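J.: Below is one structure. I have some questions about it.
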Amino acid sequence: MELGKGKLLRTGLNALHQAVHPIHGLAWTDGNQVVLTDLRLHSGEVKFGDSKVIGQFECVCGLSWAPPVADDTPVLLAVQHEKHVTVWQLCPSPMESSKWLTSQTCEIRGSLPILPQGCVWHPKCAILTVLTAQDVSIFPNVHSDDSQVKADINTQGRIHCACWTQDGLRLVVAVGSSLHSYIWDSAQKTLHRCSSCLVFDVDSHVCSITATVDSQVAIATELPLDKICGLNASETFNIPPNSKDMTPYALPVIGEVRSMDKEATDSETNSEVSVSSSYLEPLDLTHIHFNQHKSEGNSLICLRKKDYLTGTGQDSSHLVLVTFKKAVTMTRKVTIPGILVPDLIAFNLKAHVVAVASNTCNIILIYSVIPSSVPNIQQIRLENTERPKGICFLTDQLLLILVGKQKLTDTTFLPSSKSDQYAISLIVREIMLEEEPSITSGESQTTYSTFSAPLNKANRKKLIESLSPDFCHQNKGLLLTVNTSSQNGRPGRTLIKEIQSPLSSICDGSIALDAEPVTQPASLPRHSSTPDHTSTLEPPRLPQRKNLQSEKETYQLSKEVEILSRNLVEMQRCLSELTNRLHNGKKSSSVYPLSQDLPYVHIIYQKPYYLGPVVEKRAVLLCDGKLRLSTVQQTFGLSLIEMLHDSHWILLSADSEGFIPLTFTATQEIIIRDGSLSRSDVFRDSFSHSPGAVSSLKVFTGLAAPSLDTTGCCNHVDGMA
């Protein structure tokens with residue numbers, strides 16, 4: 001559904017957080033107007049109704065509904081402006097039942113700007129929490145006044161986000177890379193710090209947070225670019241420890257059991273601060289020493305790099321589940337590939353799935369957080385110019401996405417404002433997570449302790465590369481790595497380079513991620529009497545991955561047989577042509593065109609989905625407007641070829657001379673695919689592309705394909721693609 005154009009924040013925004021009301025529908029803004037759009041679920045489908053403007057302001061940054069408490073109480077809507085928040089109540093009109101009267105109940109002003117997700121309602125009552133970069137204020141009486149209760153934030157860090165737990169007893173505030181917990185006393189209307197879990201550090205800055213079940217929260221941490229850049233800048237130096245503290249560095253371990261009680265708070269916090277500060281402090285070059293080994297006796301200066309991040313999992317953004325009970329426990333931690341700053345997060349309580357996205361990336365990832373199963377992932381990919389500006393679950397299977405489409409701008413200069421103009425629309429995507437075989441409770445904890453070992457970074461890379469030789473050349477993404485040493489020992493590899501991301505599943509379905517263990521009982525059963533560092537256990541039940549591997553091997557074998565058969569057919573054709581020429585005499589050679597007027601066609605090959613959503617394009621020379629079928633077969637490694645004409649796929653054949661019995665025109669675009677594979681299992685339903693941007697071709701369901709009048713190919717022109 002198209003909503004029109006509007007001015008939205010570039011980053012940090014989730015315009016659909018607490019924006020859907022069961023009666024009044026969706027509240028959204030274009031930057032100035034407050035609009036209500038009717039939203040209904042009918043037979044499992046979303047139906048959008050009429051929209052009406054209920055207010056207009058100079059600047060609106062966000063909207064959020066208070067939780068519905070009772071039928072006889074007015075409905076509250078918080079309107080977030082740049083530096084203040086106004087709370088409005090909606091009451092039914094006594095004159096017309098279809099109309100609603102709005103009136104302002106209170107206005108909250110502050111000296112600092114409100115954070116992009118700075119209005120958070122209590123899950124069970126009309127208590128509003130307002131966040132700035134330095135303050136957290138709770139307003140328990142928004143129906144009548146602006147009386148507030150301030151949280152005691154005794155830290156110098158910057159507040160990013162906050163949320164209430166589902167039980168409504170605890171407020172969790174993300175300050176920098178740490179979580180601060182507060183207990184709410186509803187009777188006294190007071191907020192005090194939790195004595196059993198004061199501060200819990202998660203190693204990286206928290207971008208977004210949401211409540212999951214009971215006293216558990218899910219947080220998304222950004223990629224620690226400051227640590228990686230700090231490491232890369234000093235990678236050739238061996239920096240000694242601080243002279244004041246000669247103890248070895250305390251390096252965090254991702255798979256380590258992370259828990260915090262009252263006694264261990266100070267010691268654990270101090271040990272990790274010493275690590276993070278080593279990447280942020282300026283380097284003292286006057287104390288740089290070099291180590292000289294026996295094998296380096298002839299070297300003048302030997303400087304050794306110290307890599308603290310590679311292999312620890314800190315070179316990626318993460319989704320972390322944190323449980324607050326008697327002690328804080330990190331119950332699970334998985335990587336978020338391809339997204340640098342995951343500032344959008346949403347949770348569905350019924351399906352136990354989390355959606356993670358970013359305002360600056362067109363990818364949305366769906367994770368399963370069920371404790372007894374391996375977390376799955378589903379990828380939702382938007383257009384290149386589209387960005388998710390808000391996400392929320394309507395049901396356990398439907399995800400509502402507010403999409404902002406940006407016009408193409410010059411990326412040479414950084415944007416000068418925090419907001420930009422977008423073409424706003426609403427889309428609904430179905431969540432289809434494949435269920436993994438259930439794991440018993442006795443096996444689940446053991447699974448967490450062993451699953452990260454076989455699926456660490458190196459093994460996962462080998463597994464992905466084994467699926468297809470071209471798998472790493474498919475979906476574009478960003479990979480940031482701090483491992484800058486090559487096999488020949490020369491440092492200096494690019495820190496950030498564009499690769500083809502392996503994050504998408506082979507069939508846009510679900511693949512199992514590596515779950516890094518964080519909580520284990522003290523008495524876990526041993527699978528072997530050998531030490532831990534020598535035991536290697538297989539990952540638990542990966543039928544989909546094994547099926548894909550066997551399917552890939554079968555596909556490669558069949559392709560090799562087809563190539564041999566095609567070569568034999570080509571040899572027979574050449575022998576037959578030579579025989580005919582000997583009997584009938586040489587044919588007069590045709591006049592060839594000038595190289596300046598090169599006649600060629602663009603052949604676009606749509607590959608099967610389990611090789612990745614990839615479109616390969618080649619430029620092929622025409623011979624008198626004709627294409628030789630064998631040339632096309634050899635170019636793309638196909639035995640049977642289907643060509644798209646209007647909305648139909650047509651199998652191509654050859655005449656007695658080996659040419660496709662059609663005439664083609666220069667610079668014509670031809671779309672082909674493998675004709676020997678099953679349509680229902682392998683290919684998408686349809687194919688669409690833009691005439692001016694063939695490089696951004698993608699496959700979509702239900703879109704009509706462009707028409708072609710002719711096709712053909714002969715000698716291949718290298719370098720034209």
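Along the chain as shown, the residues are counted starting at 1.
Every residue, even glycine, has its Cβ placed from backbone N, Cα and C.
What Swiss-Prot records for 556-584 is coiled coil, and it gives sequence analysis as the kind of evidence. According to Swiss-Prot, the feature compositional bias 'Polar residues' maps to 520-537. Sequence annotations record features per position, and here Swiss-Prot assigns N-acetylmethionine to Met1. Swiss-Prot lists Ser299, Ser468, Ser501, Ser523, Ser686, Ser690 with the feature phosphoserine, giving a large-scale study or a structure entry as the kind of evidence. Swiss-Prot lists Thr530 with the feature phosphothreonine, giving a large-scale study or a structure entry as the kind of evidence. Annotation source Swiss-Prot lists region 'Disordered' at 520-553. Among the features that Swiss-Prot reports, region 'Interaction with HCK' is placed at 539-545. Here Swiss-Prot flags 55-98 as repeat 'WD 1'. Annotation source Swiss-Prot lists repeat 'WD 2' at 154-194.
Help me understand the surroundings of these features in the structure.
T.: If one looks beyond the coiled coil (556-584) by at least 6 residues along the same chain, the residues whose Cβ comes under 8 Å of a Cβ in the stretch are 630, 633-634, 637-639, 657-658, 676.
All chains included, 15 other C-beta atoms sit within 10 angstroms of the C-beta of Met1 (N-acetylmethionine).
For the repeat 'WD 1' (55-98), the model gives a mean pLDDT of 85.
DSSP assignment over the repeat 'WD 2' (154-194) gives 0 helix, 24 strand, 17 coil.
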